[in-house]
């Protein structure tokens with residue numbers, strides 16, 4: 001019941017037949033499969049619909065004007081009668097007008113938009129594989145370009161996950177490097193070797209290096225491998241101990257988990273007693289120690305005062321060097337009475353500390369640079385780790401997450417929860433909003449804390465724009481956080497299958513730098529689409545205006561139907577191939593994220609579109625109405641119905657295509673950069689498309705003949721066409737010099753969908769396109785109404801029982817009011833566990849739709 005609709009078990013309604021039927025109906029109604037659109041696809045769909053509508057209107061007007069002009073001119077002005085034998089000719093004219101109208105429509109509708117998105121995403125995903133990003137959901141690639149925050153694990157992502165023991169505290173002595181084996185007493189050495197070899201997963205091993213002079217290979221849990229390496233450094237053999245005590249001889253094992261933060265193994269002694277070896281986070285194990293081995297290897301009393309001193313003198317200095325501290329301890333149980341192994345707290349007490357070791361996990365050399373790139377790109381990196389706060393702080397400083405002199409927060413999980421939860425243990429968004437903007441390190445955190453933090457940041461409405469959060473995780477318990485995040489990264493090497501299943505992208509090398517590459521590719525997708533749009537809309541505007549105006553003035557479209565379709569092919573299919581496959585450059589990381597509501601067409605792009613349209617229209621109309629004088633050829637205007645193709649209209653068509661080809665090069669830059677040829681050789685597809693189109697154009701003009709309405713051109717005419725095309729590049733430089741800030745009248749286009757514009761019945765399905773805070777509110781209302789509804793049902797049921805069975809005991813009126821009823825303790829509504837979010841998505845909810853309308857939500 002809880003998973004089904006998040007309402008506590010005790011207020012489930014008694015299902016009547018009618019109720020079941022209604023519920024099934026509602027299920028059917030909501031469960032219409034509706035694919036969630038990504039932010040980018042949402043913007044594109046809207047834009048495409050707007051452009052399509054405009055094109056439809058233009059084409060309709062074109063047809064109407066052509067037909068009216070023809071009818072008025074032929075039958076009105078010239079006064080000709082409609083002759084039966086002329087009917088086929090008139091019908092041919094009307095068909096021609098209709099074809100022109102359809103052509104205008106075809107050119108106006110940007111059917112290449114979805115293609116460009118798919119090509120760009122598919123191309124990026126393929127290339128990201130080489131950058132160690134295995135993309136599981138296409139949308140993730142694009143979302144990553146808008147990321148504003150990354151919550152990263154420490155171990156293995158920021159660090160190398162190659163643990164080695166570098167310091168140890170044994171027998172009252174703090175060794176700053178691995179101690180000499182002779183310095184440790186044999187009985188203490190035995191305890192260390194047994195404590196490490198027996199009390200660890202037998203799958204953790206150290207194998208010889210694959211390459212000569214390489215490092216030994218660590219297999220299994222890296223922390224255990226570090227301890228096994230420590231044993232080997234002390235010139236001892238852990239395998240001999242394991243052979244002597246095989247796994248089946250282990251009496252009881254308390255495995256490691258994120259709550260215990262320790263692992264213990266019990267073995268039976270030859271005298272019938274038991275010995276338990278424990279290891280775990282030093283502050284947790286030391287709290288359970290009452291004795292410690294001194295320099296002679298004898299147990300000494302270990303008081304709270306001694307423990308505090310040890311924390312100050314040994315553990316904190318180790319942690320401040322970025323070392324993870326692990327404590328080894330043991331406890332002997334007498335043979336006379338076997339303890340109760342299930343009462344874990346009793347068993348795991350009264351321990352004797354053997355040693356504390358400091359394990360180093362070096363920061364990956366490339367990470368500080370990658371984090372600097374993220375910060376430059378406007379992305380905040382936060383570290384969420386299960387480690388000690390001092391260790392976490394030291395590593396965060398080495399990585400560059402914490403900068404000296406900055407006012408940032410480092411919190412432990414406990415402190416974090418204390419600050420953000422109210423007395424009932426529920427997370428309060430207001431409190432969380434005060435903390436997360438400055439929080440950079442969350443130490444000693446549980447997976448639940450990670451989920452709380454991620455959910456809090458995503459749902460927050462503080463700041464100009466909503467946060468887009470990426471999260472890394474490797475454990476099974478990271479699943480909820482990975483699912484909740486906008487983009488979840490799972491570790492390919494260290495990650496569990498559950499984590500991979502919950503993620504959007506898998507990092508095949510577990511490396512933080514791969515996340516930065518994903519950001520770069522994500523931003524590149526966005527820019528590729530914008531480049532394509534800039535090019536496409538210029539052609540759209542020009543082609544539609546030329547066809548419309550030409551048809552109205554000269555009774556014929558200057559660009560014939562087949563020519564228009566060729567132009568459409570260039571600007572749609574080929575251009576989406578050429579511009580959507582641009583490789584990313586480092587410069588993408590020098591700007592801030594676009595955010596969810598950034599329009600697809602910025603004012604700079606609008607300036608480029610209109611600027612180039614003005615140039616092209618001027619040239620086309622000049623050629624159309626004065627071209628025959630300039631080139632000294634026959635005019636092609638007002639030609640009869642089936643006249644052969646003219647040189648005049650061929651030059652218009654050829655010049656138009658040349659201008660598009662050179663404008664395609666201009667379209668490679670959308671932020672007003674001057675060098676449009678920059679790194680053009682890095683995109684072979686672009687070069688192939690441009691040169692291929694040019695070659696095809698030569699063939700069409702010279703050999704296209706009647707089907708393409710083309711007649712061959714002379715060499716000088718070809719040079720003029722190309723020269724006018726090159727003029728596009730010079731004109732592009734001129735447009736760059738006009739500052740966008742002066743063109744206040746330019747509007748942006750292609751915004752994201754705002755909350756107000758979504759019809760109510762769509763809300764449950766389009767969860768992704770609505771503000772999450774809004775959804776939370778809506779969800780609260782839905783739950784509230786559902787709760788009230790069910791309680792009312794139960795009041796009736798309870799009252800019915802009372803009145804029939806217990807009339808004498810209590811007056812039913814005393815509980816008939818819903819408020820009285822709810823104050824009774826057994827009906828108080830509480831969240832099951834504040835940490836676990838229920839009702840993750842309204843989509844799966846059978847009752848949302850109905851309640852939406854009832855609740856007026």
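Our numbering is plain: 1 for the first residue shown, then up by one each step along the chain.
Glycine is treated like the rest: Cβ placed from N, Cα and C.
Automatic prediction, not curation, is the source of TrEMBL annotations.
The feature transmembrane segment is assigned by TrEMBL to 54-72 (among others). Outside the transmembrane segment (54-72) by six or more residues, the chain places 93-94, 97-98, 100-102, 104-105, 107-109, 540, 544, 547-548, 551-552, 555 with a CB less than 8 A from a CB of the stretch.
Packing against the transmembrane segment (97-123) from elsewhere in the chain are residues 40-41, 44, 47-48, 51-52, 54-56, 58-60, 62-63, 66-67, 70, 138, 141-142, 525, 528-529, 532-533, 536-537, 539-540, 543-544, 547-548, 551, 556-557, 559, 561, 564-565, 567-568, 571-573, 575-577, 579-581: each is 6 or more residues past its ends and has a CB under 8 Å from a CB in it. Marked as transmembrane segment by TrEMBL: 97-123 (among others).
Confidence across the domain 'Cation-transporting P-type ATPase C-terminal' (557-734), taken as the mean pLDDT and rounded to a whole number, stands at 88. According to TrEMBL, the domain 'Cation-transporting P-type ATPase C-terminal' annotation covers 557-734.
Residues annotated as transmembrane segment in TrEMBL: 609-627 (among others).
Long-range contacts of the transmembrane segment (685-705) within its own chain (CB-CB distance under 8 A, at least 6 residues past either end) are made by residues 566, 570, 574-575, 577-579, 581-582, 645, 650, 653-654, 657-658, 661, 664-665, 668, 711-713. Feature annotation from TrEMBL assigns transmembrane segment to 685-705 (among others).
Among the features that TrEMBL reports, transmembrane segment is placed at 717-738 (among others). Long-range contacts of the transmembrane segment (717-738) within its own chain (CB-CB distance under 8 A, at least 6 residues past either end) are made by residues 607-608, 611-612, 615-616, 619, 631, 647, 651, 654-655, 658-659, 661-663, 665-666, 672-674, 676.
As annotated by TrEMBL, domain 'Plasma membrane calcium transporting P-type ATPase C-terminal' applies to 780-826.
Per TrEMBL, the feature region 'Disordered' maps to 828-857.
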